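As structure tokens, the structure follows; a few thoughts come after it.
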Amino acid sequence: MTSINDAALPYMSPEKTSLSLSYSAESDSRPVDAVIFAGVSLVLGTACRQLFNGTRVPYSVVLLVIGIVLGSLEYGTNHNLGKIGHGIRIWNDINPDLLLAVFLPALLFESSFSMDVHQIKRCLGQMVLLAGPGVLISTFWIGTLLKLTFPYNWDWKTSLLLGALLGATDPVAVVALLKELGASKKMTTIIDGESLMNDGVSVVIFQLFLKMVMGSTSDWGFIIKFLAQNSFGAVGIGVAFGIASVFWLRFVFNDIVVQITVTLSVSYFAYYTAQEWAGVSGILTVITLGMFFAAFARTAFKGDSYQSLHHFWEMVAYIANTLVFILSGVIIAVGDFSSRKITYEGASWGFLFLLYLYVQLSRCAMVGILYPLLRRFGYGLDWKESIILTWSGLRGAVSLSLALSVKQSSGNSYISSETGTRFLFFTGGIVFLTLVVNGSTTQFLLHLLRMNTLTGTKKRILEYTKFEMMNTAFKAFENLGDDEELGSADWHTVLGHIPSLKKLQGEQVNPHDGCEAGNVDPRNIMDIRIRFLNGVQAAYWEMLDDGRITQGTANVLMQSVDEALDLVSTESLCDWRGLKPCVRFPKYYKFLQSRIIPRKLVSYLIVERLESACYISSAFLRAHRIARQQLHGFLGNSDIASFVINESEVEGEEAKQFLEDVRDSFPQVLNALKTRQVTHYVLNHLNGYIKNLEKVGLLQGKEVSHLHDAVQSDLKKLLRNPPLLTLPNANDLITTNPLLRPL
């Protein structure tokens, strides 16, 4: 019995062998030619990215066309591309499982790790609907239409096998498209999450039908066991690897090389463990791992480390995307040349376009059937978003790899060689049509539905930003416009060389002037609240980098902002609401009055909880103060700024009161917290000072390493053994502290 997991030999079709037999005998190709092809692909991809930047042509579509052209030139001109052609054939002959194993872990981890955790939580119901029932609906819809209308005498299992192969969107293609077009965050999360999850589900269903086609038992017990084992087993392995790697990262201090290596290695090792050792879905495993990292490990990367990690994975995803789409184009072209008997039949092309119609109809049917439920889960779904969701059903490299597996498994009593060739032909055609037709027109559809235009409030913010840009530019000119060495510069000449500023000269009008506080547009207020809360969240990240808050506190604070962002259209600022349970002490503390309770337990239940509450309250007040200053500096004394600033001040009253109570009754807690903060800040400052001395050339090599290691050693000691609080007698602590008295 053969499946995608059991494939062990490189793929080489009989037709392709006959095409290149004479050439292979005297070929001087070497494995290094594969590297040459990869380098040429990256050069072509980079050139196209630069050439088509700012146009409406999706980058992924251009890469696919390049791949088709290269594959057609190589196999249509009797191998006249030299070493590049050698590399094309080496890559095209790659085992389909290896193709997935090389590119998918990095692409899937990057996409799932970069997703917004709060958005995932809110949209999870919609994602599960689309990835579970949605894939089944598409599979059976396509399979049924194939069985009833295509003249190939396929049985139900074979028809459903092709339906499963084409029933799910491809994360590589969809994620690449959405990042280019700038769709809304909600739509991006839903479509991105659906494409990631349902691709894993579709591979599981594909493996199930492939086993059934190859003669495996097909009773309901086997089907349920197979699906449950692959789905829940994959999630379990992903979570296990996530826990182990996050635990490992807790012992890594400011070493970005180790942090990046951990994330890269664990994604591939988790994929291998699930796919090859446990026999479950490696795709679902890596997706689970990435989401686990997004939820629990994002605050482990601070400052420059997070930026470096982000840039690293962005580069990995770019390289993998470029190679994947060009290889997809090559495979499509080679599939065409290796199945000439089929492609030369006009009926085959007609059935390809009919299959494309079936794929679109299946997507429409799936979204239509699930629409009543999709409207009720998460953020909901309106009719415009449902249209985009329907049209974004792209297929890509994963479908092609699965089709190659079918082709590789053909030529026996279960799947004929002709059937395997038709699978590759139809899959390649659908990948090409969805990427070129759907991918190229999605931006136009967004524009037609007015889903990519600026709202009135965003236009006002943009106008005011332009207003401030001119003021900022003039201040910069005043600071640098005259010096001792070169003399002065002319402002009008400077403007002449900066067209973007020249256009702003006639737009210096504050769009918020003249607004009355009682008549402020609610939509405008909502937009300012969003920007204010984003400023609060940015302040939390800065405090985490400075050591003012811990990772656990940062996670709680970030979540409170995410929850408040969901309510900005209906309520005033309310991020303190999510923090209240963390600064209010439950009634069970009255039992701590007993003298038999160990002091360490009192410390854990009282002091650590109290310290955490103080961390949260002080960070909340500081972040709101920073955000208020930024908002005032941006909008000045406008009524709309005063409106939101007033909401922020009201929000902070309870936090201020809590800290005042702690200061009056238990000042040791605040003193211990401040000591930790100052110590952490001093060490970070020393670290920056050493880097600056190296930058200006006053320190070199071993000197920098010696001082840096000394500071890092102190930082590790601080994080592992922070200053401890000396506790008074437990009974005295409770009776003297009004916060801890029985309610």
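Keep in mind that glycine also has a Cβ here, set from the backbone N, Cα and C atoms.
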TrEMBL tags one of 386-404, 462-480, 614-632 as transmembrane segment - which one?
386-404
For the transmembrane segment (347-374), could you work out the same-chain residues 6 or more beyond its ends whose Cβ comes under 8 Å from its Cβ atoms?
126, 129-130, 133-134, 137-138, 141-142, 145-146, 149-150, 166-167, 380-381, 386, 389-391, 393, 395, 422, 425-426, 429-430, 433-434, 437
Residues of the parent chain within Cβ reach of the transmembrane segment (280-301), under 8 Å, 6 or more residues beyond its termini:
100-101, 104-105, 108-117, 120, 196-197, 199-201, 203-204, 229-231, 233-235, 237-239, 241-243, 245-246, 249-250, 252, 259, 263, 266-267, 270-274, 309, 398, 544, 551, 554-555, 558
Note: vs the transmembrane segment (424-449), the recorded stretch with the largest number of Cβ pairs under 8 Å from 59-78, 98-115, 127-146, 230-249, 313-335 is 59-78
Can you tell me which of 98-115, 127-146, 230-249, 313-335, 386-404 gets the most C-beta pairs within less than 8 Å of the transmembrane segment (59-78)?
313-335
With CB pairs under 8 Å as the measure, which of the listed stretches 127-146, 230-249, 313-335 comes out on top against the transmembrane segment (98-115)?
313-335
How about long-range neighbours of the transmembrane segment (313-335): same chain, 6 or more residues beyond its ends, C-beta under 8 Å?
16, 38, 41-42, 44-46, 60, 63-72, 74-75, 88, 91-92, 99, 103, 106-107, 109-111, 113-114, 172-173, 176, 263-264, 396-397, 400, 404, 421, 424-425, 428-429, 431-432
